[in-house]
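Chemist: Got a structure for you, written out below as structure tokens; questions coming shortly.
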Amino acid sequence: MSQDYKTTLNLPATEFPMRGDLPKREPGILARWEAQGLYQQLRDNAAGRPLFVLHDGPPYANGRIHLGHAVNKILKDIIVKSRYLAGFDAPYVPGWDCHGLPIEIAVEKKWGKVGTKLDAVEFRQKCREFAEEQINIQRVDFKRLGVTGDWDNPYKTLSFDFEANEIRALSKVVANGHLVRGAKPVYWCFDCGSALAEAEIEYQEKESPAIDVAYAARDAQAIGQAFGVSVPADVEVAVPIWTTTPWTLPASLAVSLGAEITYVLAEGPAHNGKRRWLVLAAALAERALQRYGVENLVLHGETTGAALENQLLAHPFYPEREILVLNGDHVSDEDGTGAVHTAPGHGQEDFVVSQKYGLLDKYNAGQVTPIDGRGVYLESTPPAGDVVLAGQHLWKAQEAIVGVLRDNGSLLAFHPIRHSYPHCWRHKTPVVFRATPQWFISMDKANLRNDALAAIDTVGWFPTWGKARIQSMVDGRPDWTISRQRTWGVPIALFTHRQTGEIHPRSVELMQQVADRVEAEGIDVWYSLDATELLGAEAADYEKVTDILDVWFDSGVTHEGVLAARGFGKPADLYLEGSDQHRGWFQSSLLTGVAIDKRAPYKQCLTHGFTVDEHGRKMSKSLGNGIEPQDIMNKLGADILRLWIASADYSNEMSLSQEILKRNADAYRRLRNTARFLLGNLDGFDPAQHLRPLDQMVALDRWIVHRAWELQEKIKAAYDGYNMAEIVQLLLNFCSVDLGSLYLDVTKDRLYTMPTDSHGRRSAQSAMYHIAEAFTRWVAPILTFTADELWGYLPGEHAGHVLFTTWYDGLAPLPADAQLNATDFDQLLAVREQVAKVLEPMRANGAIGAALEAEITIAANEEQAAKWQPLADELRFLFISGDVQVRPATTDEVFVSAQPTTKAKCVRCWHHRADVGRNADHPELCGRCVSNVTGAGEVRSWF
């Protein structure tokens, strides 16, 4: 009867669960972290190390987190945790953006506008309470992602200390000469009832009426002279303009031409029984005339825009208004007519050129900007022909204005077009340019633009194209409108002179005093402040500014309110946000940083793409393709979500679908199963007693430690370069190829069959221990919950958390003078592949059932054969085959042949050996198994 030798084998055993069961297990781990105060422990453990500060860009405190939030926070968490392992102290202070319109709107829905049920003080308090509620909701979601940070002490832009530091930051901007006031055209949202900054604008397709309008010459002969021709008495002369905003025509005060553009005097369509000659850019004349129904191009003269400067035209429906011809750099001959109607109250370029010609001094405010903050024409707006404009909304009035132009013969062409148009990012409604008194950070007054462009060169940009993107934005951007006409925000704490409008000469000092009061009592103190408390007898001459600061200024000065205020220093090592933040937080932080310190507030900027479905479509409720992070965590676990984020190419759009999640769950299982196999084979291993020195290891074990060292160097470099996708690929490849298909497969024989405390087995366990120690660290930034779980199962004494350590130092490269060095292993593994190819057809035709049933012959040149012959008896373990013979050959190529074995099979190790049955007490065992069961055990040197 056969004996049962199962009890003589060292089979794997571990309590580390095979199933991750992450949705159930992760909350318990999270609760333990909270109870032990993990974040503070991390900081305490890292005290004295060099700082690495990833500064958190504040999400808006409104609503549950979405997938984009999860991507952002998890990428940050991966980087921060990798910095702890790299030997840094890496504080992470999460923050929230708490002021602004969305919160005002939410409060208005419940309580009405200011003055309805609540006064301004009560309204601000409700806004504060609402924001705090939203923060508490989002904080739970963020923590569930496994993000470790100072959640008990985050920064909030609504906190009194932050609001005070924001006013102090503004005082530095003032001190450095960057703040200006003026009635410039700014983006204006009728729904917000406020000015908008560049960062609050998004472009969407919109249909607009495109019209060509004739501005008749006041003196046709004067224009003819500019062209060097005499104009017949029965000919009218006009300058056509092309616009997509007919509503701005009541504000039209001039027509701009390009000084260096060539213009022609062309025969146009007749008007009121008279011929009409039109002034058109030469490059556009033919196309324009086709729009007007004129088939033949007939030219009467040619000149430049400079020659037409200061000519006078008639407004198309305000006959008493003289329209001056200007020269402007903004005019081109790429589209339209080459002439631009100029409404300084509704266009930035129009404003600049009108200011240059002194037009703003000739007209009152109602003529320059005839619409109010709701988009309604002022009562002072004259009618257009018979059409009353006063009290009408501009969008509704457009059709009537076009009708007036058609009736009086000024309309040369009309057709609707679809084009990209600025919209409010909150309301998704079209915005306009509207000149109102605002506060600006000037881009050029104190050289801010040039200084900011220079600062961009000092920053590392990931991906590299981010640099060119933000450069072009800063280079072309207008002054930054930082004032808002709203209630919930940090006040622009300035006193302006009632007569001159100038700010108080001691403004910087006064702002510091206001900030001290705000720090103690909050922003309401500004509104209740009696000016005499600070200004004394001067108070009667000054008034308080009632505008509040743009929320982009709030978040833009977090380098002052957080980095400087909390002692982290400036600049931060890294800012990391979505790719839309080149025009948002990256830029507002850059401008305030340069305005205050003359340097960028960050050393590096990293951007990630947006999430899309597997077809590249933006995720939305209407398409039904949205995936919520909460659903992923409840079904699969946060570590699966984290693995997807790490494995995706975040520099582009990040695709997610249920199939992609399934693939990541499969990848997670591969990683977990590898870790479990390592732990299972470390059963009974105590590194304090059993760890073998590297130079005493079996050669294969020493080689796998070398491979792990090589891998760790690549992983460290990838973490340093924020290349998480490469790390995931390296890990999966190592688990599948180096371990799964090779090392773990080969060493099973040694681990299972050799005596428990034999050198060969302890050597393999030592290698696995080194790999398990390193592996847990490698995955810790990404699989934060699983690494914590793994850490608790590693043999030996350990620190309280994997992140209390640094990268594993038990790995080392294989010396070049080792008996089998890395090159030797490359050659042997190439032979192993040849063996597998030779055995494949033998398996297919039934000659063998398994590789152990084949005997291998290797023919190699004499030098190679001489090197491999001493290994021959152990090569069968590397190849997982029957006996191996090495023979010298006259060729430089290596040849492998195989034949089925005729030797008996050992029931314990399954190898076919000639000595099976020689021991009478164990007739079914081979000689080495007899030795391993009853004697001193076999000796392994190589594999």
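Just so you know, glycine gets a Cβ as well, placed from its N, Cα and C.
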Chemist: Look up motif ''KMSKS' region' in Swiss-Prot and report which of 318-322, 543-547, 618-622, 628-632 it refers to.
Modeler: 618-622
Chemist: Which range is it, out of 59-69, 884-894, 928-938, that shows up in Swiss-Prot as motif ''HIGH' region'?
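Modeler: Of the candidate stretches, Swiss-Prot labels 59-69 as motif ''HIGH' region'.
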Chemist: Pop the mean pLDDT for the motif ''HIGH' region' (59-69) in here, whole number is fine.
Modeler: 93
Chemist: Would you list the other residues of this chain near Zn(2+) - those whose C-beta lies within 8 angstroms of the C-beta centroid of Cys906, Cys909, Cys926, Cys929 - in sequence order?
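Modeler: My list of surrounding residues reads Thr753, Val907, Arg908, Trp910, His911, Arg913, Val916, Leu925, Gly927, Arg928, Val930.
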Chemist: Near Cys909 (Zn(2+) binding site), which residues of its chain come within a Cβ-Cβ distance under 8 Å, counting only those 6 or more away in sequence?
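Modeler: Non-local contacts for Cys909 (Zn(2+) binding site): Asp749, Thr753, Cys926, Arg928, Cys929.
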Chemist: How many helix, strand and coil residues does the motif ''HIGH' region' (59-69) contain under DSSP?
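Modeler: Counts, helix then strand then coil: 3 helix, 1 strand, 7 coil.
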Chemist: Validating a neighbour-count step here. Other CB atoms within 10 A of the CB of Cys929 (Zn(2+) binding site): how many?
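Modeler: There are 27 such Cβ atoms around Cys929 (Zn(2+) binding site).
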Chemist: How big is the Cα-to-Cα gap, in Å, between Glu577 (L-isoleucyl-5'-AMP binding site) and Cys906 (Zn(2+) binding site)?
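Modeler: Between the Cα atoms of Glu577 (L-isoleucyl-5'-AMP binding site) and Cys906 (Zn(2+) binding site), the distance comes to 62 Å.
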Chemist: Count up the helix, strand and coil residues in the motif ''KMSKS' region' (618-622) according to DSSP, in that order.
Modeler: 0 helix, 1 strand, 4 coil
Chemist: Where does Glu577 (L-isoleucyl-5'-AMP binding site) sit by DSSP, helix, strand or coil?
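Modeler: Its secondary structure by DSSP: strand.
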